[in-house]
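**Student:** Before I ask anything, let me first share the structure, which is written out below as structure tokens.
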Amino acid sequence: MVEHLRTTRNSDHSLSNEQMVINSRLIALNGRLKTIFLNYLHYNSNLRYYGICLLIRLLSTIVFPQRGYIHPDEHFQGPEIVYDDIFQGNMTRTHEFNSVNPLRSVSILYLLYWIPISILSLLSSIFQLTIPFYVKLIVPRVSIFLLSLISDCVLYRLILLCFPSLSNKEQCRVMFYYSSSYISLVYFTRTLSNSFEAFLFLFLIYSILISSSLLIDDIEIIEMDTINEENENNHDSDRNVHTLSTPTVIHSHRKFHRSMKELKLIKYSHQSLDISSVIIGIICSLGLFNRPTFAVFAFVPIMYWFIKLIPYKYCFRLFFLFTSAFVLTTLTLITFDTFYFHKKIDILNLISSFQLPLLVISPLNFFLYNKNSKNLEEHGIHPPHLHFTVNAFILFGPLHLYVVCSSIYRLTNIKKRLNQLLNRRNEQISLSINNQNENIVGDSHLISTKSNEVNKTQSLTTTRLLSSNIALPTLERQMSTLFFWFYIVPFIPLSLISHQEPRFLIPLIYPLILCCIHPLYLSFKDKRILCGTWLVFNILTFIFYGYMHQGGLIPALKYVHDSTLPTSPIFPTTTALHINDNIEEKFIITYHTYMPPTYLILPLTKDQTKKQTKLTIIDLKGSDRSVLDRTIKTIFNDDQLKNINIYLIMSATQQEKIYKKQQQQQYRFHLIKQWGPHINLDDDIQLLNKTLKINEKIKTIKNAYQCDLYHVVRDKNLKKLI
């Protein structure tokens, strides 16, 4: 009985010990989870401002789509072509896509928009539905929005790679400055080729710098292996101990395993280096066919990669891989474009006759087209300084102001900077000599290193440091200087082109943000002034370009697409007809607005029974009133026996011209609806110059910031207009 009680107590004691161990483990696990959760909350608290900006970007893309119209190329060099090919809607083809000498590559457009638009076509054919207006507008933008999310991740990785001394809060602050810029909120949600060019430029910079870090990994492994071997040899020689066979086997066995691990790391770094070289070649080819001006942005990073980063022993292999990837991608794009624009090519006949078709090389056609000054005159001629003095301020605001001041400082202090660099170099040499002397005194053997490789790796201001005497912030400032040259050099060739628009500089947002990290985000004492100026600038420009610039045109097109429009009273109609009903012909004239995208007006569907409307769009741009009158008369006289309807979409700044001569005309303008705000910079600037009283001017401007939709009706007593 006593033994039974003892065993029971022992078992209870063991259970209590086990329970205590379990409880202690649970407490430790709870503490770890609590620490992870608190770190997660702290990390997310730093990213909350970036998250707010990202949420705004998402909402303004999908939920509340931006109705501002930046440039016609947003549609006519993007979704318009793919929508036309898939839905066969006989849409607008600009001169960039003529079949003789096309200036743009359709392969890039298919790469970006073919999948989402094909999904729309498939859904339309399955459910026999007409695609809603906003779905047609949003779906291509979603592709660019997803690419912008990828670019956010790449930019964050680039910040970690080049500026490792930044705290998490400072990294998130940099991401906030980038995500709050109206370029990321507006341009990076639009279907402009400049947006895709910017993404490719960022991917190129990241691929080049990540390849340089792989080179450093390789050289560090080799050097550490050499140092370890010599230290072991020195240690054995100092001991002067005769080693036996068994320790020799153990030592060689450990050395074998260590060398195998290092060989695996070197093999992995070599493979990653080869892959990065191939990726760089593919990016350069895609960027060149997307916009040939990509060569201007890629020139400095590529030269820096070849001259500064790649050691001699890797040069030929990496150059071969880069060239092979570039050539293969280029041939693929040329082949796609050739068979696209020359659809009647018989492949079998060409193969049998050993003939090559007329290849379509869009970058070459683009260069030849812009070489002719007469062609550029049609788009506008600008002074060479416009990019640096005006366009960059429109895009980047206060950050470009810093770059201008920094450039002036650098130019006026070149001699001082050279002396500082020489003194710093002399200090580094003296310190290295002292270190070598100390190593000679302390050790019996001098560690041999490859001086050429170390010199090249010291120029790589990347995340990992070699055995150099340069402090980490100094290397990061060198990276800021490198990004400064990535930003400033492209202005030179771009300024030589006589036609200049602000959107041509969009890719420079990434090197600008990175080159301003140390001077502004870390060293600037009063960050509130910078943050306030930056936010005010970007909020105003986001509202302006996102919703106000030509902001009434998209709602007017939606009204034309969705609503019931009045018809001409000449021919009897039972009821007002929808734009999809049996109207023989419908004309939409745009006057003093941007050219309307055809795919947004046409009812796109795979149901053939619904395609009954013949729609003609006439863009008069900023023509005189006489051109508008002549166009309307021509339509009525040519189609006087048909049931036609003419609708006029124009800026409200032209109302005075419309109503002034209405009594003298043989037709009338009936206002259907107005949308605002609609700011047309060309006409509104002229409106501000009018000599009116302040109250009258404010009222006039308020009424003029509208987009009007008119129904043009001719006099029923006249069969022909004179």
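We count from 1, first residue shown onward.
Cβ atoms are placed via backbone N, Cα and C, with glycine included.
Straight out of TrEMBL:
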TRANSMEM  108-131  transmembrane segment
TRANSMEM  143-163  transmembrane segment
TRANSMEM  175-192  transmembrane segment
TRANSMEM  198-216  transmembrane segment
TRANSMEM  278-307  transmembrane segment
TRANSMEM  319-340  transmembrane segment
TRANSMEM  347-368  transmembrane segment
TRANSMEM  388-409  transmembrane segment
TRANSMEM  482-498  transmembrane segment
TRANSMEM  504-522  transmembrane segment
TRANSMEM  529-548  transmembrane segment
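Are these features on the surface or tucked inside, and what touches them?
**Tutor:** Sequence-distant neighbours of the transmembrane segment (108-131) (same chain, 6+ residues past either end, Cβ-Cβ under 8 Å): 77-79, 81-83, 86-87, 139-140, 142-144, 191, 193, 196, 286, 289-290, 333, 336, 580, 603-607, 610.
Packing against the transmembrane segment (143-163) from elsewhere in the chain are residues 54, 57-58, 61-62, 112-113, 116, 171, 174-175, 178-179, 184, 188-191, 195-196, 198-199, 202-203, 205-206, 209-210, 213, 461-463, 476, 479, 510, 513-514, 517-518: each is 6 or more residues past its ends and has a CB under 8 Å from a CB in it.
For the transmembrane segment (278-307), same-chain residues at least 6 beyond its ends with a Cβ under 8 Å from one of its own Cβ atoms are 105, 107-108, 111, 193-194, 196-197, 200-201, 203-205, 207-208, 211-212, 315, 319, 321-326, 329-330, 333, 362-363, 366-367, 482, 485-486, 489-490, 493-494, 504, 507-508.
Within the same chain, residues 181, 183, 484, 487-488, 491, 495, 500-502, 504-506, 508-509, 512-513, 515-516, 519-520, 530, 533-534, 537-538, 541 sit at least 6 positions outside the transmembrane segment (388-409) and bring their C-beta atoms closer than 8 Å to a C-beta of that stretch.
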**Student:** Cβ under 8 Å, sequence separation of at least 6 from the ends of the transmembrane segment (482-498): give me the contacting residues as numbers and ranges.
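**Tutor:** Tertiary neighbours of the transmembrane segment (482-498) are 205, 293, 296-297, 299-301, 304, 370, 373, 376, 381-382, 384-388, 392, 403, 406-407, 461, 504-505, 508, 511-512, 514-515.
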**Student:** What same-chain residues lie close to the transmembrane segment (529-548): Cβ under 8 Å, and 6 or more beyond its ends?
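**Tutor:** Distant contacts of the transmembrane segment (529-548): 60, 66-68, 70, 177, 180-182, 185-186, 394, 397-399, 520, 677-679.
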